[in-house]
Structures are given as C-alpha cells and as structure tokens.
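To start, the structure itself, in structure tokens.
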Amino acid sequence: MPGETEEPRPPEQQDQEGGEAAKAAPEEPQQRPPEAVAAAPAGTTSSRVLRGGRDRGRAAAAAAAAAVSRRRKAEYPRRRRSSPSARPPDVPGQQPQAAKSPSPVQGKKSPRLLCIEKVTTDKDPKEEKEEEDDSALPQEVSIAASRPSRGWRSSRTSVSRHRDTENTRSSRSKTGSLQLICKSEPNTDQLDYDVGEEHQSPGGISSEEEEEEEEEMLISEEEIPFKDDPRDETYKPHLERETPKPRRKSGKVKEEKEKKEIKVEVEVEVKEEENEIREDEEPPRKRGRRRKDDKSPRLPKRRKKPPIQYVRCEMEGCGTVLAHPRYLQHHIKYQHLLKKKYVCPHPSCGRLFRLQKQLLRHAKHHTDQRDYICEYCARAFKSSHNLAVHRMIHTGEKPLQCEICGFTCRQKASLNWHMKKHDADSFYQFSCNICGKKFEKKDSVVAHKAKSHPEVLIAEALAANAGALITSTDILGTNPESLTQPSDGQGLPLLPEPLGNSTSGECLLLEAEGMSKSYCSGTERVSLMADGKIFVGSGSSGGTEGLVMNSDILGATTEVLIEDSDSAGP
C-alpha cells in the first residue's frame, strides 16, 4: 500500500509472481499499459537486464529521496500534515492511481498485512520520528536492490511514495502514545504497472507537475512558515501574548475601591437631589415666537421691581403714597384722569368704576360667595387680597413701614393714613384754640372741645345766649310754635328737676348719659341733659329756674355729638 513501509521479498518469489503476471496479461489486455504488453514476449534475457537497471535506479532514488527530505526539513521546519486522509485534489482529467489500472495480481491475491501495535510510554514524538526515518532508509534500499529498475520515472514515483510515508508517520507520532502501524509485503508487478500507468494518463500530466501540486497543497494545509518581515506587517504581538494571571489584590486596593464606591454613591444622591430641585423649579422659557402647534400653558410675564422711591400724589384731596414714580403716573392716569364709565348693576349700589376689573372685583361683595379660606382659623374671604392681609395677623408680618418714624402696618391704606400725620400743615387745617391740636374737619374740633374742654364750651354758650329765654318745650321738634309753660311769678317756665340731681348752689352740674360733672359758679347751675339739651339756671330742691338751650346754638351739630358719643375713651 502507498504510504507504508514494505518488507523485502526473496528473488524466487518475485520471479514466480512476475511469471504469473505475464500469463495473466493476455486475459486483460485493456488494463495493461502498452509498455508492459510490448515487454512480455521479450524473454528472460531482457528481464534480467531490466532488473539490473532497476537496482541501480532504486538505489539512486533512495538517495535522492533522503536528500529531498533533508532539504524540505531545513526549509520548512514546522511543516506537518494534519491528517493522513488529506490528499491533493483530483485533477479533472486524471483518475487516482488505484482506480486506473487494478493489476491482475490484486484480483487473485491480496497483499499480506502485518499489524504491529506500538506503545510509546516515555519517548518524545520527535525522537520516535527520527528513529522511524532511520529505519526506513535501509528498507527502501533493500527494496530497491531486489527490484529491477525501469529508469528515471520509477525513481520519481519512489520519491513521492517515500514522502507519503514520512507524512503519515509524522501525523501518527503526534496523535497519541498508542499507535497502530500496518505493514504490507511489496508486490513488484503491481508497482511496475502503477508506474507505467502514471505516465499514460489521458490528460498528459507529468509526475513533476503532480509533485508541485502536492507540495502546494501540503504547504497550504500546514501552518504558515515564519518569514522575516522588515515592515512588521504580519507581526501581531497581541496574538502571541498570554493573558496575564489575576494577581491577588492587597488590602489597600480594597480600601481604595470601597472609598470610590462611597464617593460614587454620594455623587448619585447629590445628583438626585439636584434633579428634584430642578423639577420643582419652573422650566426656563424658550426665546423666540410661540408656535401655533404649541399648546403648553403660557406662563405669566414677570417684571422686575424697580428700586423703592416713595412719591406722593399731588392731586387735590388724594395724597396717595406710591413706591416709584412710574406707579405714580399709572395712578394719576387711571385714578384721576380716566372717567368712570363702568356702573355696578346691583340695584342698591350704582357705584362707578374706571376699569372693568375693578367692577368685577366689586361685584363679589354683593354675593355671599367666599372661596378663600384661612388655613389657620378657617375664616372665609371673598378675595385673595383680603385673605393675604388676614394671614399676616397669624404670622405677625407687617411688610409696610414709614420712612420717617418707622411705623409698620399691613395695608397700604393704613400707611397712607399714617403719612398724613407728618404733613399736618397741609392736611390738618383745623386746630383747637385751647390745646392747639389739629384736625381735618371742623366738627372734629367741636367734638374735641366738648370732650376735653367742657367748661370752655359752657362759657361760650352763656356769653352767646345771656338773658335769652326759650319758652318752647319741643326745642328740637318739628313744631316751631312756642308753647307757654306754667311758670312762677317771674314768668320763667317750670321744668322738672333734671335727672333728680341735687347739688349745692356753688357748683355747675353737667349731666350727659348719666355722667355728671360739676363746676363752681355760685348759685347758678348748668345741666347737660341726656337728650343733648343744656339747662342753665339756679336750681334748688324747691324749684328750678333757668334757660334751656339747644346744642345748635353753640355752633355744634348733632352729628358731631353722636360721633363723639360713639367714640370710646379720650
């Protein structure tokens, strides 16, 4: 078989087999090559000559094969065949040698196979390969000596077969320790026919071309040989590097890792808090015009508050204090120059307003709808402004402050009222001639005198009405007629004792709402009645004589007296 070592056979057996092959040749003429047919009737003399040439050719072929193997090993030190079954691809016009011309000897008699089981225990595969190569050389030499030579063609075929045996042995030596080596006895006739048929292929392919193809296939199947590349284009160091083994980490490295993890966790928490704060805040508004497709709610425009510069409205009867001149212009335009054209539709109201929003705000006061509830005391209000002012009572906040005296208050109206006190010359034109206190109205001055200076009030009344007699019992009534009351001999009307008071004749008795005040004036008595009337005269337990006056005589009005009576405390 090709690729296996053959044992030498004795010359007698070879001659017998050659004779049998010659006898069987005429039976199958189509399978024998023309050279063998022509050489059959040549006789014993020609066969002896051929055998002598064969011996010399076989020896030369063995030497050439050894030289070729050494040269190939030197050129390709790493070359090996992956598997013995790998063969070069068949040429389309060429058939395999075994299938082309089966010899008649194969049909009659199969070669003997000697299978030896070889166990390698401690030997290296390379050493085994060298031993096999050394043992193969004398076997090939003996085979070549026993066979007749047919020329240079047979030497080429022996070289190729020797190469196959080397490849199979090298592959077997690398597979494992347990190897099976099969040897067969050589058949000379079969080898001769095979050699003759190699050169009669229908495609006309020579043995040199076949050897080149085999070498190319073997090189392609083997690993890429090492080549010195000056440009280092084929060098890939990352493939040759081995993965570094993981080193044991020390305690310091673990501590650093833990610190890094803690820092990362803290950073994550801080970022989450920042995101929450950003979510609470309003998103920044985009610049540019608003798209028609944009249906997001519009945010109210915010104007920057100007710096505080208090100014006062100089319009007659106003005196409103404003925080900036710009606000003053707005105030004058809408509060003094603009006409009131919006009328309240409520039947009992009819108030006029300059702006529609003022009318809508006022219309809520005519309803009982209170949508704004205090969270502290659950009190309800009709407007958010009233609720905000009320909430300051619970919080104790007083945002407004007077720049002159530091007075604080919650509402702007309170501050405006307070600021008028600092401008007494312009606003407080009426003053008390006794103490010098100033008032906005004249009636307030009269009420002040009746409360704080009653003796002056009575003296003025006596001076203005001295000796005048009032005979009308209904002084403040609607009947203007004077009625004559029963009187004593002097003609003075007899009046009942006012409030049943009895005092000494040296005191002036004033009574108002059950509160009495006395003033020493000899025998005369002045009494301020509960209905607002004044009695001046002398009174005793036996009878009373005097003058009954109305408060209008003193220049005061009943409105002032009523306002003064409602006020609590001095």
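Glycine residues also receive a Cβ, built from the backbone N, Cα and C atoms like all the rest.
What Swiss-Prot records for this protein:
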| type | residues | note |
| --- | --- | --- |
| COMPBIAS | 1-12 | compositional bias 'Basic and acidic residues' |
| COMPBIAS | 31-43 | compositional bias 'Low complexity' |
| COMPBIAS | 59-68 | compositional bias 'Low complexity' |
| COMPBIAS | 69-82 | compositional bias 'Basic residues' |
| COMPBIAS | 94-104 | compositional bias 'Polar residues' |
| COMPBIAS | 119-128 | compositional bias 'Basic and acidic residues' |
| COMPBIAS | 207-223 | compositional bias 'Acidic residues' |
| COMPBIAS | 224-245 | compositional bias 'Basic and acidic residues' |
| COMPBIAS | 252-269 | compositional bias 'Basic and acidic residues' |
| COMPBIAS | 270-282 | compositional bias 'Acidic residues' |
| MOD_RES | Ser83 | phosphoserine |
| MOD_RES | Ser103 | phosphoserine |
| REGION | 1-306 | region 'Disordered' |
| ZN_FING | 311-336 | zinc finger |
| ZN_FING | 342-366 | zinc finger |
| ZN_FING | 372-394 | zinc finger |
| ZN_FING | 400-422 | zinc finger |
| ZN_FING | 430-453 | zinc finger |
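Residue counts for the zinc finger (311-336) under DSSP (helix as H, G, I; strand as E, B; rest coil) come to 12 helix, 4 strand, 10 coil. For the zinc finger (400-422), the partner stretch with the highest count of Cβ pairs under 8 angstroms, out of 311-336, 372-394, 430-453, is 311-336.
Sequence-distant contacts of the zinc finger (311-336), counting only residues of its own chain at least 6 positions beyond either end whose CB sits under 8 Å from a CB of the stretch, comprise 354-355, 412, 415-416, 419-420, 423, 427.
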